[in-house]
Amino acid sequence: MAQGLEVALTDLQSSRNNVRHHTEEITVDHLLVRRGQAFNLTLYFRNRSFQPGLDNIIFVVETGPLPDLALGTRAVFSLARHHSPSPWIAWLETNGATSTEVSLCAPPTAAVGRYLLKIHIDSFQGSVTAYQLGEFILLFNPWCPEDAVYLDSEPQRQEYVMNDYGFIYQGSKNWIRPCPWNYGQFEDKIIDICLKLLDKSLHFQTDPATDCALRGSPVYVSRVVCAMINSNDDNGVLNGNWSENYTDGANPAEWTGSVAILKQWNATGCQPVRYGQCWVFAAVMCTVMRCLGIPTRVITNFDSGHDTDGNLIIDEYYDNTGRILGNKKKDTIWNFHVWNECWMARKDLPPAYGGWQVLDATPQEMSNGVYCCGPASVRAIKEGEVDLNYDTPFVFSMVNADCMSWLVQGGKEQKLHQDTSSVGNFISTKSIQSDERDDITENYKYEEGSLQERQVFLKALQKLKARSFHGSQRGAELQPSRPTSLSQDSPRSLHTPSLRPSDVVQVSLKFKLLDPPNMGQDICFVLLALNMSSQFKDLKVNLSAQSLLHDGSPLSPFWQDTAFITLSPKEAKTYPCKISYSQYSQYLSTDKLIRISALGEEKSSPEKILVNKIITLSYPSITINVLGAAVVNQPLSIQVIFSNPLSEQVEDCVLTVEGSGLFKKQQKVFLGVLKPQHQASIILETVPFKSGQRQIQANMRSNKFKDIKGYRNVYVDFAL
């Protein structure tokens, strides 16, 4: 009588499988595979060979704490002689004297996560022997055409899934600067932290069985991750802070990568890391999504609207000195705002609305009771389809709201100006396999001022008006800020709006910088006044300057001036202005943004003219030099050159340096004091442990500035 077949050991072929599944950057020691793609394993038997006619091998895969056949978190399937279509499948590849090689494949809709793999062997007379073969992790598969995250471009897959560094664009529309970032999605322990993040979500804590079953949907997973990146509803990864007081944590500007943040969250028992702002939330989310296999990129929107009441109007209030006031409505225009786009099919929406989807992890407004935003179809945003899930009205307003300026005087409000094109400029992301910037504004809206753009805006406005009677996706009634804001005379309607006297501009004001605004130097600019009428104009112009946070919140003004300008018909004049370093140095925010404003009025007319300009102060970047050839497992010297751009000494200088595949962990060097206008350098030693294109990111902070940054790309060769 034949003996029952006994398994001696199992080779999961982790190294070979992981290379084929594009997960070898994470590890080759443990099995990480992607759904919809076969992987191989070898069964070694103790007593004899596998006999297909005699032995029946049944595989069992389970994920989550409560595996369930009905929910799809448990699957049972037999070894077949040939590849045949079914949800989970296993087929015979080769059969030897003491071993058998088998291929397995998860369906392209399977839940992602950590799986347990077992087999049952039924050899004869009903005897069944069970074995636990091991664990594996299943990820989304952008290489599989049947997967909802399939991306039909290898360069895009390399950029949006495999690239572990990039740039996040900051500054202002007139001074866009790239901030280098280490995503590090393949670094040690990051995949485990990403899976823990899913398990710490409110969804899992409330109903773990259903949550695990839904992890096959990138729409669902992206919403869960989005909510978990911030800590407003749970023990998410990051605490947000826009107060300029970071004494009990890190200034958001100091971060240069996601790895340190995620590892700190994990090491402290999932206590939120202090602190983040929009680009940090988006960068960490990019790391998690790329690690899970969902193509993701980081997007920056300059002059980004935050419309709190859903009427597509951002109201700004000024006093008679031109100073911007704190907004009682909490509407703001962020100097820049950063979110993510994730690539996925949207079977929950009409056709053509798949592809890039906006997800915003910055906690601004609630969505279905939690702080997350999206996924919102970029195509739906462009077409004004604000009734499509999720949170499309909010994202539409970020890129296409109107801005209304009001003068507050004597308890009354006077309309100064209505701008239909100031919100949503230079929407940017890193180019594919390049360090250049891509402008993708046309993905979000038609050209400003075009007929299509006006039609889309009106369509969105009308949809919001209809929704205001039934509530919104965000659970709040949509209350227009002015009774006419949803009428046919609304901003950018197809009908010509009736103009108030303050809209009839006969005199224009404009600011012009005379020199590039550098940190530590005086700011020199002129106010240009132009009389476009055939009459004399006597102007009184109040000028002011105040620092801004990047979310648009104003700080106290630190400079004021008054100009009296007489203009002949058609005449232009300039009024020179200077703000010295000593005047602004004590008032700067971390973002180094200064808003200069001018409010002009005629002596003989109630007409008022408002103009403002945001100045971003620049400063020298860090220079990084690689000394010699970079080779895996061989010592490498790196020179970091930094300087103090100020005419005063700076204290408490700390340099941080990191780079995936180059440094095992973030390096911190305490530099102490830097003398005025002084340049210095240090040499760091490291041993690269991964080959290919890599990037070094560096940041220097001090008591005067927090984010002097630099980067250097490095190609690491294999060791001979």
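A Cβ is built for glycine as well, from the same backbone N, Cα and C atoms used for every other residue.
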When Swiss-Prot marks a stretch as region 'Disordered', which of 230-259, 470-499 is it?
470-499
Out of Cys278, Asn400, Glu453, give those recorded positions positioned within 10 angstroms of His337 (active site), comparing C-alpha atoms, in sequence order.
Cys278
How many Å lie between the Cα of Glu448 (Ca(2+) binding site) and the Cα of Cys278 (active site)?
26
How big is the gap, in Å, between the Cα of Asp360 (active site) and that of Asn400 (Ca(2+) binding site), rounded to a whole number?
16
At the level of the C-alpha atoms, what whole-angstrom distance separates Asn400 (Ca(2+) binding site) and Cys278 (active site)?
19
To the nearest whole angstrom, what is the C-alpha distance linking Glu453 (Ca(2+) binding site) and Cys278 (active site)?
28
Including all protein chains displayed, how many Cβ atoms other than that of Glu448 (Ca(2+) binding site) lie within 10 Å of its Cβ?
16
